[in-house]
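Step one of this worksheet: look at the structure below.
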Amino acid sequence: MNMLQTVSVVLRRELILAMRRRGDVLTVLFFFVIVASLFPLGVGPDPKLLSLMGGGVVWVSALLAAMLSLGRMFASDYADGTLEQLILTPTPPVIWITGKILAHWLVSGVPLILMAPILGVQFGLTSDALLVLVISLLLGTPVLSLIGAIGAALTLGLRGGGVLVSLLVLPLYIPVLIFGAGAVDGSMSGLGAEAHLSLLGGILVLAFISTPWAVSAALRISIE
Amino acid sequence: MINGLNWYKFASPATFYTLAGRMIPWFYSLAALLCVAGLYIAFFLAPTDFQQSEAYRIIFIHVPAAWMSMFIYIVMAAWAAIGLAFNTRLSFMMASALAPTGAMLTFVSLWTGALWGKPTWGAWWVWDARLTSELILFFLYLGFMALQAAIDDPRRADRAGALIALVGVVNVPIIYFSVRWWNTLHQGASISMTKAPSMAAIMLEGMLVMALAVWMYAIAAALSRVRSIILERERNSQWVAQMMEAEA
């Protein structure tokens, strides 16, 4: 099998597994909506304040939701031994890891992107800002899956792994948050979002070419 | 020369344990001497700043701590990389011995920064690029230590910690250049290699002496911590048993 075939086989498998357990996907989506809805209740319903915060709130909620779903990425394969078999195959791990991360993004990132404009409207974002929000999430959420995969791989099978992942991964998510929310802010204040979006794109490229290697190393450490 | 001085000999925890034991008192006394000298310069020789009056004197602790917090992270990541590349146990032990000191200095630099910020900026904390990235550095140290603490198998703990240390090292240049990339409240670098120093020479000297003191302290603290780690890891080995017998 060549590289693309391997990626698509892994992708199909992951998507089928996700469709068989739709609850997991929906839980993450509802978590995203609930966290974002807590902010107006916490800080008060002032429309001006909410439209200022909107981009940042949606982004922070996306970060937390993405983190919540990280445990799924390798845990069940690790528990039933599939992961060891995958590592023993002659295919370089980087390839099927890329497939797995892609699947994770499709299952947990894309629903967030589809849901985000609705939340944005509730926070009173302008239509330009909504578009920028969607673009920034399109560029940013794959990075969350890529970086998160490192944390997920390192904490495989550890007690309290879920909390540990947040400590390991959230600090590394911060640049994505800054530029993602910054893009929405820039568009709201009329400064333009291009600079922030370009930086997000740069981070995405960098993460895409480097993190699968780190994940592969992390999996080898965890499996030994 | 390099062959004559057998480096591999000191990569063995048993030899290094004795070597570290002999070096620690020297580094601690150097740290104490430099600290006394630095504080003398800081409090008695350095003049009052015309802009910030006496409040500026915190830089004699704040700047050295901030420098070392970043530098220790880089050294830690370097030890981690050496450990992953050459599979040397001692390098991993050095990395985990450095982390608590690095975290402590990061905390000191954040804390002294807050103490200085209140009279000067009028706020304990602002969400400025440098402060925020230094706070992230603190979280990176905590993450490294938490990951190592969560893994029972020392081999896996070493390697997993090393990997996360290497991944986190991208943050250090962000902190270092944050004052130049973002034009925020934190003042620019106090010292530049290319420009003449913008502060009185005696202030600069005081700061450098204090930086050296913190450096010596960090080495001494890391060495004594690595000795404890060696003892803990090698508690079932023969040389530890013999040493304990000899001491008893």
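Cβ coordinates come from backbone N, Cα and C, glycine included.
What TrEMBL says about this protein:
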{"type": "TRANSMEM", "residues": "A:25-43", "note": "transmembrane segment"}
{"type": "TRANSMEM", "residues": "A:49-70", "note": "transmembrane segment"}
{"type": "TRANSMEM", "residues": "A:102-123", "note": "transmembrane segment"}
{"type": "TRANSMEM", "residues": "A:129-156", "note": "transmembrane segment"}
{"type": "TRANSMEM", "residues": "A:163-184", "note": "transmembrane segment"}
{"type": "TRANSMEM", "residues": "A:196-219", "note": "transmembrane segment"}
Relative to the transmembrane segment (A:129-156), the stretch among A:25-43, A:49-70, A:102-123, A:163-184 with the most Cβ pairs under 8 Å is A:163-184
Any chance the transmembrane segment (A:102-123) and the transmembrane segment (A:25-43) are in contact, meaning at least three CB pairs closer than 8 A with a sequence separation of 6+?
yes
Dominant neighbour of the transmembrane segment (A:25-43) in A:49-70, A:163-184, A:196-219, by Cβ pairs under 8 Å
A:49-70
